[in-house]
């Protein structure tokens with residue numbers, strides 16, 4: 001679909017600025033493999049300029065600065081929500097074109113960013129609620145002292161976001177950081193930065209103070225790493241692979257810098273024998289093929305009770321073959337291309353390795369015959385799995401699900417927890433007591449019961465084990481960007497009397 005990509009520069013201190021080294025990165029449409037534009041490539045020199053701008057914005061006009069008044073910030077967040085709603089169709093087109101996700105999904109993503117009950121509007125309310133929490137009293141055992149708590153913004157934060165939900169994942173970080181009073185330097189993925197740059201224009205249009213949000217597109221080693229290691233960045237929040245997260249954690253540790261990491265996953269979905277098969281099959285497909293399979297929390301390890309496995313898998317194959325794979329702008333598209341040639345090759349290698357290790361490719365596993373161009377992969381179901389196989393252990397980040405059977409509840413839990421990851425999991429059963437037992441036993445940060453993937457801004461999001469730590473969203477998300485300060489006062493007129501007066 002022909003749709004012009006706006007030509008943008010880096011967004012620094014409220015202005016569009018050419019990168020100091022003047023380099024650009026091509027934008028490739030994953031549906032056609034064609035170059036459709038380019039984005040600026042920031043380097044350490046640009047990071048320095050952006051951090052200075054963010055620090056200046058954080059300190060500007062003492063008493064009336066960005067960090068001072070919670071309600072002052074809330075009005076900007078609401079203005080951003082309104083402006084994105086106004087430009088919704090523009091953002092949807094760009095997101096679909098740049099990322100390859102079906103247009104219907106892009107609509108939902110942009111709605112989540114903008115609508116009054118979601119991200120910016122929600123965190124605007126959180127910003128106002130923080131006014132009420134300031135100076136919250138602390139009960140002490142000694143009457144001569146009184147104590148209260150202050151919540152203050154951490155400072156300048158570095159935000160590094162992924163390519164699977166470009167603007168939405170940016171919003172998960174930007175909204176709470178700004179609501180908390182921080183100023184920010186954002187580095188989106190070079191594979192999908194277009195809507196993130198357009199967000200800078202929205203900030204200008206609503207009059208966001210210069211330097212509060214700075215947007216640097218570029219490669220991880222050139223732009224992301226300098227953000228993490230910069231001594232004037234007070235915190236880093238990252239969403240991406242566990243391998244990159246480990247490097248960020250190691251770099252930040254040199255300065256004892258706090259980090260929030262939302263990393264990879266290999267999430268299980270457990271199907272007990274009492275389920276409604278048709279309902280459960282649809283949720284299973286949604287849990288792994290949504291966003292073209294590129295979901296950190298994808299429930300890509302299906303554990304199904306042996307008594308219903310044959311029927312369940314048969315219905316799953318039929319449902320899967322009915323999924324419309326097409327150009328993401330086509331009406332009814334439910335699976336588009338993966339993000340890049342590199343990702344396409346990686347996923348196909350996973351499928352090839354699974355076959356060589358003895359697994360069966362029951363459905364899919366190759367390029368759709370009717371799509372000769374673009375990074376399209378058929379939704380793939382793999383059976384005859386052993387727990388030693390790569391496909392069982394490693395995150396694929398594509399439209400691939402592996403299937404294994406179990407006999408007992410204990411075996412299902414053991415198999416579900418047989419992973420170094422712990423982002424999410426799902427359990428399906430009409431026995432809600434069993435669901436509660438399994439929920440408590442799963443070593444994950446989020447559990448879905450009789451569904452997969454619904455995510456709401458009001459609930460915490462994050463993982464355990466190698467899926468990271470810290471929580472985004474809800475009141476937990478804004479606390480990520482606040483320092484807690486204890487203030488204790490002596491309210492007695494009597495001397496302390498510990499030392500003898502000379």
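Glycine is no exception: its Cβ is also placed from the backbone N, Cα and C atoms.
In the structure as shown, the Cβ atom of residue 262 (active site, proton acceptor) sits within 10 Å of 28 other Cβ atoms. In three-state terms derived from DSSP, residue 262 (active site, proton acceptor) belongs to an extended strand segment. If you look up Swiss-Prot, you'll see 262 marked as active site, proton acceptor.
According to Swiss-Prot, the feature active site, nucleophile maps to 296, an assignment based on sequence analysis. Mapped onto three states, the DSSP output places residue 296 (active site, nucleophile) in coil.
DSSP assigns residue 244 (NAD(+) binding site) to a helix. Per Swiss-Prot, the feature NAD(+) binding site maps to 240, 241, 242, 243, 244, 245; the stated evidence is similarity to another entry.
Annotation source Swiss-Prot lists site 'Transition state stabilizer' at 164. In this view, residue 164 (site 'Transition state stabilizer') is surrounded by 24 other Cβ atoms within 10 Å of its Cβ, with every protein chain counted.
Positions annotated as transit peptide by Swiss-Prot: 1-7.
Listed in sequence order, 263, 264, 395 are the same-chain residues at least 6 apart in sequence whose CB falls under 8 Å from the CB of residue 241 (NAD(+) binding site).
Around residue 242 (NAD(+) binding site), the C-beta neighbours below 8 angstroms that are at least 6 residues distant in the chain are 263, 264, 395, 421, 466, 467, 468. Among the recorded positions 243, 244, 296, the ones whose Cα is located within 10 Å of the Cα of residue 262 (active site, proton acceptor) are 296.
The NAD(+) site is defined by 240, 241, 242, 243, 244, 245, and by the 8 Å test on Cβ atoms against their centroid, the other residues of the chain that qualify are 238, 246, 247, 248, 263, 264.
Ranked by Cα separation from residue 296 (active site, nucleophile), the binding-site residues 240, 244, 245 are led by 240. There are 27 other Cβ atoms within 10 Å of the Cβ belonging to residue 296 (active site, nucleophile).
The two recorded residues, residue 240 (NAD(+) binding site) and residue 164 (site 'Transition state stabilizer'), show a Cα separation of 10 Å.
Around residue 245 (NAD(+) binding site), taking its Cβ as the centre, 22 other Cβ atoms fall within 10 Å, counting all chains.
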